[in-house]
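Below: one structure, written as structure tokens.
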Amino acid sequence: MKKYNRIFTIVIDSLGIGEMSDSKEYGDVNVDTLRHISESVDEFKIPNLQKLGLANLHPIKHVEAVEKPLAHFMKMREASVGKDTMTGHWEMMGLKIETPFQTFTDTGFPQELLDELEKRTGHKIVGNKSASGTEILDELGEHQIKTGDMIVYTSADSVLQICGHEETFGLDELYRCCEIARELTLKDEWKVGRVIARPYLGMKKGEFKRTSNRHDYALKPYGATALNALKDNGFASISVGKINDIFDGEGITESNKSKSSVHGMEQTLEIMDKEFKGSCFVNLVDFDALWGHRRNPVGYAEELEKFDVNLGKVLDKLKEDDLLIITADHGNDPTYKGTDHTREHVPFLAYSPSMTESGLMETSDSFAAIGATIAENFGVKMPENTIGESVLSKLV
């Protein structure tokens, strides 16, 4: 019999908890997203994360460890190479990435790809470099409005991003161009993990703002995951936020797109009112997109405080046979140099109202403990060539 009827996994996108032994190989030294956020503010109130045991797991300024935490918790190491969104999420559900996704951070995209993209879309391309979304819009937004040229850029991730003004370039046109870019970047020499449509509004430098109509065109996972195992065996596999995009719809039975991280939590609370058996997998992207990449630790702290308020509502709604897992997919230390993700441990906090014990568990060798635990709970076999050790038996 299933131990839990519903498992809610909430990914606080980029909430790393300290460097790994190989972080230096990724250019990350003394990185610690959570601790450095807490050190950047005069006060930091996250009472619900606190009572679950987050400060027992990892030092947080202004937040004391509690004597009797509610959750079972552990650190998780990333087994895959990389520190990006797809790698982290795919690993959670059992896939280990052995070869890093190709990046074009230092070189920009090859001219042959740009020529083909211009020819197929009918738009001249500008940009073609690594930049933050804010920077590239300040530099080229006005130019696009005047000319209709297409802004193409990348980051330290394996991404090709296209900006389009919603009113002058058009949302449908932006999506059309991204679909062409996705088709072209399936070729091995040009392959990227994701093509991302980045719509925005505003008419002049300093006033441009990205909208919530972003769309990710991801590669399909190279193999089946825990999500496929759930769906194929008749269980619900509900996604909130960009989860559906990250897995290109594979293994998803219901998709809910979020306008913000607060909206994502509101959607989760609504889903909690429904009867289902299976998984609800939630990604809250604003922590990463709005605060981590933009190196804004104060904004990050405030977003965490907002999340904590909604977390309290989630805790109140949990049933005896529900399990809540809180985790992250990588780090993005907003006090660190540059604008890139940071390779860090991530937290694993697991709580159910039916638990009688709690406390620290041994560090997991991969993020895949999550998928393995979910699969064991529902009695489904993890697909071939997946990794991960379940901790279900410890969640008592």
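Cβ from N, Cα, C; glycine included.
What Swiss-Prot annotates here:
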| type | residues | note |
| --- | --- | --- |
| BINDING | ASP13, ASP329, HIS330 | Mn(2+) 1 binding site |
| BINDING | ASP288, HIS293, HIS341 | Mn(2+) 2 binding site |
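Here the CA atom of HIS293 (Mn(2+) 2 binding site) lies 11 Å from the CA atom of ASP13 (Mn(2+) 1 binding site). Each of the binding-site residues ASP13, ASP288 was scored by how many other Cβ atoms lie within 10 Å of its Cβ, and the smallest score goes to ASP13. Between the CA atoms of ASP288 (Mn(2+) 2 binding site) and ASP329 (Mn(2+) 1 binding site) there is a gap of 10 Å, rounded to the nearest whole number. A coil conformation is recorded for HIS330 (Mn(2+) 1 binding site) in the three-state DSSP classification, outside any helix or strand. Taking the binding-site residues HIS293, HIS330, HIS341 in turn and counting surrounding C-beta atoms within 10 angstroms, the largest count is reached at HIS341.
If you draw a 10 Å sphere around the CB of ASP329 (Mn(2+) 1 binding site), it holds 29 other CB atoms from the protein chains shown. Calculated from their C-alpha atoms, the gap between HIS330 (Mn(2+) 1 binding site) and HIS341 (Mn(2+) 2 binding site) amounts to 7 Å.
Other residues of the chain with a Cβ within 8 Å of the Cβ centroid of ASP288, HIS293, HIS341, the Mn(2+) 2 site, are ASP13, SER14, ALA289, GLY292, HIS330, ASN332, THR339, ASP340. Between the CA atoms of ASP329 (Mn(2+) 1 binding site) and HIS341 (Mn(2+) 2 binding site) there is a gap of 10 Å, rounded to the nearest whole number. Cβ atoms within 8 Å of the centroid of the Cβ atoms of ASP13, ASP329, HIS330 (the Mn(2+) 1 site) belong to the same-chain residues VAL11, SER14, LEU15, GLY16, THR85, GLY88, HIS89, ASP288, ALA328, GLY331, ASN332, HIS341, VAL346, site residues excluded.
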